[in-house]
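Student: Mind having a look at this structure? Questions to follow.
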Amino acid sequence: MQLWVGLGNPGPKYAMHRHNVGFMAADVIAEIHDFPPPVKKFQGWLQDGRIGSTRILLLKPGTFMNESGRSVRAALDFYKLAATDVTVFYDELDLAPMKVKVKRGGGAAGHNGIRSMIQHIGDDFRRIRIGIGHPGHKDRVTGHVLGNYHKSEMEPLADLLGAIAAEAEWLAKGDDVRFQSDLALRLQG
């Protein structure tokens with residue numbers, strides 16, 4: 001059993017923010033893999049499904065981004081899972097838009113949702129960093145991160161999220177390298 005977490009802020013006004021791409025990824029994974037509807041649990045929304053032969057608990061914390069770790073900790077404690085069983089999908093400012101990198105461990109790199117997770121569960125969890133690009137100047141970061149995706153970005157974003165969901169079985173199997181390479185091939189073709 002694994003716990004997959006999509007980071008974002010709750011509420012319709014945040015739904016299309018770049019900062020919510022983790023929520024978007026979780027939604028597409030749930031849709032593609034026929035997860036049942038979410039239930040309110042662990043200060044968030046939980047879906048319990050399978051990807052291949054692996055049971056996946058898919059959690060979208062209902063706390064705001066800065067408190068995401070509380071929701072994740074509650075789920076880990078209930079299911080008696082470790083941080084190593086966690087995969088988190090989130091926006092990465094310092095990665096080009098529509099690029100994806102997989103990483104395990106490390107610091108928060110200025111991301112408040114990741115900082116909260118590290119505070120509550122430690123840093124030994126897998127991260128699926130989804131690039132949103134840097135706006136160029138630090139004064140523009142907040143507006144960029146908390147801004148909606150532009151209309152011109154919607155089709156590439158849908159393609160990216162669909163590809164992440166389609167290749168998610170490799171993540172479930174623990175094959176990060178195959179996930180990354182097959183994702184790149186799918187997005188090229």
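Cβ coordinates come from backbone N, Cα and C, glycine included.
Pulled these from Swiss-Prot:
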ACT_SITE  HIS19  active site, proton acceptor
BINDING   TYR14, PHE64, ASN66, ASN112  tRNA binding site
SITE      ASN9  site 'Discriminates between blocked and unblocked aminoacyl-tRNA'
SITE      ASP91  site 'Stabilizes the basic form of H active site to accept a proton'
Student: So around the tRNA site, TYR14, PHE64, ASN66, ASN112 aside, which residues have their CB within 8 A of the centroid of those CB atoms?
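Tutor: Other same-chain residues near the tRNA site: ASN9, HIS19, THR63, MET65, GLU67, SER68, GLY113.
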Student: Give the maximum pairwise CA distance in Å, whole number, for the residues TYR14, PHE64, ASN66, ASN112 listed as binding tRNA.
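Tutor: Value for the max Cα separation, rounded to a whole number: 16 Å.
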Student: What's the most sparsely packed of the recorded positions ASN9, ASN66, ASN112, counting other C-beta atoms within 10 A?
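Tutor: Candidates: the recorded positions ASN9, ASN66, ASN112. Fewest Cβ atoms within 10 Å: ASN66.
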Student: What does DSSP call PHE64 (tRNA binding site) in the simple three-state scheme?
Tutor: coil
Student: Take the C-alpha atoms of HIS19 (active site, proton acceptor) and ASP91 (site 'Stabilizes the basic form of H active site to accept a proton') and report the distance between them in angstrom, rounded.
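Tutor: Counting only the Cα atoms, the answer is 6 Å.
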